[in-house]
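According to TrEMBL, the features are:
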type	residues	note
DOMAIN	2-83	domain 'Pseudouridine synthase I TruA alpha/beta'
ACT_SITE	Asp46	active site, nucleophile
BINDING	Tyr104	substrate binding site
DOMAIN	138-247	domain 'Pseudouridine synthase I TruA alpha/beta'
Amino acid sequence: MQYLGIRYHGWQVQKGVKTIQGTLERTFRYVLQHEDFNILGSSRTDTGVSCLYGAFELFLPQPINPEDYINALNENLPSDIKILSGHQSTYAFNIIQDVAHKSYGYYFAIGEKPHPMFAGSVAYAGLEVDLKIMEEGASLFEGKHDFRRFCTQGKNTDDFVRNITHSKIEKPPEGYVFLPKNDIMVFKVIGDGFLMHQVRRMAAALLMLGKGEISLSEIQNALESPLKTPLCGKAPANGLVLENVSFTDDLF
């Protein structure tokens, strides 16, 4: 599935506000003409975060052919949510535990501020940042590290170690139509899992680094520190895109 997150208060259902999961559930109730189902997402994205290729699991009392419902769902979903495809999973499949990798991109513009119509897909980093030192900083995140100072700690979180397989500052791929023609860069990060607000705090640290507000050694020390206080705040949510979720083999 895909969605533009700027109008939504994140993925998870919350009372009194519009969310991606809540909108999906309302649409499924209309299309299926019953309420005997549950939806579980592979990622609980924050308010304002978008998704290029995500996934959710639909639990039903009886199996269906998902492809038979794609068109009806898309006709009734808002224009900023799209179902791409559907597959029947095995009984043992778990959409959270069987994730192999998640890929995020944090898109930011440098120089001239983009047109407001692109506010849902790119953050504004200011007139100038040092991309070279940001590239050095991004490389520090690669490997297995304790990210307790780069996340928002939940009450039940006691394991802060995550393995990052790719962490780089890059030019976006050509053909991304949701991006303006400004000087756009992306912080691309891939890992087997992420903590709450981890990517946004990593992105914030790199942007601060690029503006000379913190140093490389401060990022390195934060990865080795037992302190619980975050190194920095969260980068604006509108620059963050969940780009891909991949699962372990032979699940469908």
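Keep in mind that glycine also has a Cβ here, set from the backbone N, Cα and C atoms.
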Averaged pLDDT, computed only over the residues in the domain 'Pseudouridine synthase I TruA alpha/beta' (2-83): 95
Packing count at Tyr104 (substrate binding site) (other Cβ atoms within 10 Å of its Cβ): 26
Under 8 Å by Cβ from Asp46 (active site, nucleophile), same chain, sequence gap 6 or more: Gly5, Gly10, His197, Arg200, Ala237, Leu240
Residues of the domain 'Pseudouridine synthase I TruA alpha/beta' (138-247) by DSSP state, where helix covers H, G and I: 30 helix, 31 strand, 49 coil
